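Q: So TrEMBL says this about it:
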- 384: substrate binding site (BINDING)
- 58-393: domain 'Aminotransferase class V' (DOMAIN)
- 232: N6-(pyridoxal phosphate)lysine (MOD_RES)
């Protein structure tokens, strides 16, 4: 009898325990039990338990530039699939917008999923094979980067070097054009590239800092490969990079003996992803930056609405206003010839006796304004001021001049 009662009691207790386990646990109890049973040994970082905070700053350096509300709103739209028909329509719009901005009818026109460096590598990886020759005109960090990228993938790299701000003439380039394939990176758009046909070369131009601010005519100037970035005069967030290849570049690119060193940047796949290869279906290659493409499309739409010629005129006008203001303050411009200056990014000589880093830090702290120093060979020589696209306004130029005047007044000057 006692044994039977004991068994019944045990069964009732077990049933009660099961019922209790099914009841909702109090908030404090559940996390304690979860932690006790968890295999996680690294706790959530405190920083990730705080809301994101991003300060507003005047981005008056060489890029990225401030993004206008219209483009921010475009990037904040609801995500759609990267292979949806609506996404293909947006990509088609982007292609047409790039063709307008580049002034080209090239079919092989896309936007890279990545920054301007992605386009730079795509250009080199697809048109150069190991052992082929590349000529790079180096007058700053970007020529150095192209040379290093080409060297890393096995090209026979030849460089022409000038001090930062130096200009290469066609005659100088002509003297070294003796090998099969050359890709040239030039910092200006006013060179005649007719010599490339004589030497069976491809002509590559980087317009990351200038597209939308300076005239460029890809087809008329016989440019074989042209690329840019999204974050400067186009005013989109960083992360997409328009690039275009003409028919001569495509002939070289799609008749390679070896595969490109990068799968992600292989134009044989990217041309299909962008609907440029004539195939009825676009196949999966990678997941493109959907929100980035929304933003890029909007930035190209703004450029189309304004018109290229008006955009070029406006940048030149505001740049001239800034240059005069700088000269009136006694600040020297690094490029003496006005015709060779970029209207989008102005390089100024570091004022004598001043620590350029201290000046930049002062303007960031007291004016919430970004300007930058030089890069690569120009480090310690110049400071850079960028007024591009949305930021290209005389009121912003006045703010730059006021911040520089304040820094000159309050930063220490050596007695040297």
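Heads up, the Cβ atoms here are built off N, Cα and C, so glycines get one too.
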Q: Give the distance between the Cα atoms of residue 232 (N6-(pyridoxal phosphate)lysine) and residue 384 (substrate binding site), rounded to the nearest whole Å.
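A: Residue 232 (N6-(pyridoxal phosphate)lysine) and residue 384 (substrate binding site) have their Cα atoms 13 Å apart.
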Q: Highest CB neighbour count within 10 A among the recorded positions 232, 384?
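A: The residue with the densest Cβ neighbourhood is 232.
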Q: Averaging the per-residue pLDDT over the domain 'Aminotransferase class V' (58-393), what integer do you get?
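A: Average per-residue pLDDT within the domain 'Aminotransferase class V' (58-393): 92.
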